[in-house]
Amino acid sequence: MPLVTTGELVADAREKGRGVAAFNVITLEHAEAIAAGAEQAGRDAVLQISENAVKFHGGHLAPIAAAAAAVAGASSARLSLHLDHVESVELMRAAHPAGFSSVMFDASKLGYGENVEATADAVRWGRERGIWIEAELGRVGGKAGEAPLDAHAPGVRTDPAEATAYVRDTGVDALAVAVGSSHAMTERTAALDHELIAALRDAVPVPLVLHGSSGVPDEEIRRAVASGMVKINVGTALNTAFSGAVRGFLDSDSTAVDPRKYIAPGRDAMAATVAGFLGLLG
Ligand SMILES: [Zn+2]
């Protein structure tokens with residue numbers, strides 16, 4: 001079916017007391033696997049493309065965005081297109097003509113005042129075009145090219161009072177918060193601060209977003225959704241599944257050269273991972 005909007009999927013999940021998962025698309029096969037997993041689970045999903053994935057595609061947003069949108073169009077699942085972790089204002093502006101309904105504008109590396117100013121500008125841009133804007137307050141560490149953050153470093157937990165002021169002053173549609181998860185974890189060992197999640201849900205009027213969910217165990221994800229997390233971002237878990245299956249195939253067949261032979265099990269493994277995460281969301 002045609003793309004739906006991320007705002008619609010998130011509002012729908014929140015109303016039903018559920019979570020909606022957003023999965024990172026790096027290649028065409030990621031988008032195909034996310035659509036297949038969503039169909040298997042009978043659930044909605046967000047196809048999200050990060051600034052780092054755009055860099056991987058030579059800085060070109062349009063080809064991978066068009067591919068993901070076409071996969072959504074051919075799927076029976078309700079899927080939306082989201083641009084993730086955008087630091088470049090120029091790339092953010094390219095989201096609109098490329099068919100995205102939402103952008104995560106990431107000014108989390110800036111100081112508080114500069115973050116508010118840059119994000120409020122992004123929200124104004126989004127409002128004029130009907131683009132839903134997510135932002136991050138508090139640092140969720142482990143992004144590509146970044147050292148993991150120390151769990152006790154300042155800013156690795158989002159403060160509810162600061163979050164309330166931030167949402168009021170920027171006008172964002174959703175807020176990514178730091179509650180104990182980290183990006184790029186290949187083992188699912190993160191422990192979340194559930195009291196903080198509940199405090200943030202009560203303090204902040206917009207839906208909360210959990211980044212770095214690949215490293216969060218099943219039960220912790222269930223509890224996070226029950227305590228108020230709405231958008232659950234998953235990236236690394238798909239890559240772990242893909243690479244494991246491809247490696248397994250190539251290890252067992254040293255003469256394989258047709259990429260379809262080894263990419264197919266990788267894509268199937270990603271679809272199973274997607275369906276597994278979607279089953280945790282209430
Ligand atoms: Zn993230």
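Using the three backbone atoms N, Cα and C, a Cβ is placed for every residue, glycine included.
In the shown protein chains, 26 other C-beta atoms lie within 10 A of the C-beta of ASP84 (active site, proton donor). What TrEMBL records for ASP84 is active site, proton donor.
The Zn(2+) 1 binding site annotation in TrEMBL covers HIS85, HIS183, HIS211.
Around ASP106 (Zn(2+) 2 binding site), a 10 Å sphere centred on its CB holds 26 further CB atoms from the protein chains shown. The Zn(2+) 2 binding site annotation in TrEMBL covers ASP106, GLU136.
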Whole-Å Cα distance, HIS183 (Zn(2+) 1 binding site) to ASP84 (active site, proton donor), is 13
If you rank the binding-site residues HIS85, HIS211 by how many other Cβ atoms lie within 10 Å of their Cβ, the lowest count goes to HIS85
Whole-number Å distance separating the Cα atoms of ASP106 (Zn(2+) 2 binding site) and HIS85 (Zn(2+) 1 binding site) is 5
